[in-house]
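Here the structure comes first, spelled out in structure tokens, and everything after it is commentary.
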């Protein structure tokens, strides 16, 4: 019984019970794989990257909770997490982080040298993000880089090169990530102010909704540029239009700046990523 309780706590620490983060990391990875392959990617590469997304996202959650272990107990949304509640010790958390990183690295060792080299940068970004909340009001920028680093890695693994379009896609993902993670930060803004945690939601203040809108628009413009540069099928743009409709819906949700609607807006971004993926996948398969 004790072992089951501990296993459940480890799963909660790694957020295996909350797949939204994995999905937000997975969609851009799939965008890159399908664009790099100009169709269906190599199956081995696809499986490695999907598994890598799951394990590295879990590792990111573990190190995030380790970094925030002295703050989470003072925040309503995070007070019952495994570390502040005493279910998982600091040593156990670091052990789980090391195990997840090791499994991810074993997976990436089956890729080419360029991909392996890029994975080291990805690990640094993933480990650095949680600590940025102490030093900058834009930890979301670092998160965007960490979440988007799978894009150049995907191009390296699938195509063996890093073309300009890979960095355009990386940029689009950073813009999108800052937008949706600011929505997420709006949920905790009051608590973060009390405990001294920095975030884009605090930095943007009363201009938060406008800046999120600008970031969302910039994401769409960058994705249009990518579609134009690759001469993607017109169906791609119809899916971008549907994604823009979801951005409008999110703006309505965050209008009140209340916790629940802001969190709902954040969760809605899963469908944005999915729509863009479908647009890319269908387009490249039709060409």
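Any Cβ shown, glycine's included, is placed from N, Cα and C.
In Swiss-Prot this protein carries:
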TRANSMEM  20-40  transmembrane segment
TRANSMEM  43-63  transmembrane segment
TRANSMEM  94-114  transmembrane segment
TRANSMEM  115-135  transmembrane segment
TRANSMEM  137-157  transmembrane segment
TRANSMEM  159-179  transmembrane segment
TRANSMEM  210-230  transmembrane segment
TRANSMEM  235-255  transmembrane segment
TRANSMEM  266-286  transmembrane segment
Ranked by Cβ pairs within a distance under 8 Å of the transmembrane segment (210-230), the first of 94-114, 115-135, 159-179 is 159-179
Same-chain residues at least 6 beyond the ends of the transmembrane segment (137-157) with a Cβ under 8 Å from one of its Cβ atoms are 24-25, 28-29, 31-33, 36, 45, 48-49, 52-53, 60, 108, 111-112, 114-115, 118-119, 121-122, 125-126, 128-129, 163, 166-167, 169-170, 173-178, 181-182, 185, 198-200, 202-203
Other same-chain positions with a Cβ less than 8 Å from the transmembrane segment (94-114) and lying at least 6 residues past its termini are 10, 13-14, 44-45, 48, 51-52, 55-56, 58-59, 62-63, 66, 88, 123, 153, 156-157, 160, 162
Within the same chain, the residues 6 or more beyond the ends of the transmembrane segment (235-255) and with Cβ under 8 Å of it are 183, 186, 208-209, 212-213, 216-217, 220, 223-224, 227, 261-262, 264-265, 268-269, 271-272, 275-276, 278-280, 282-283, 286
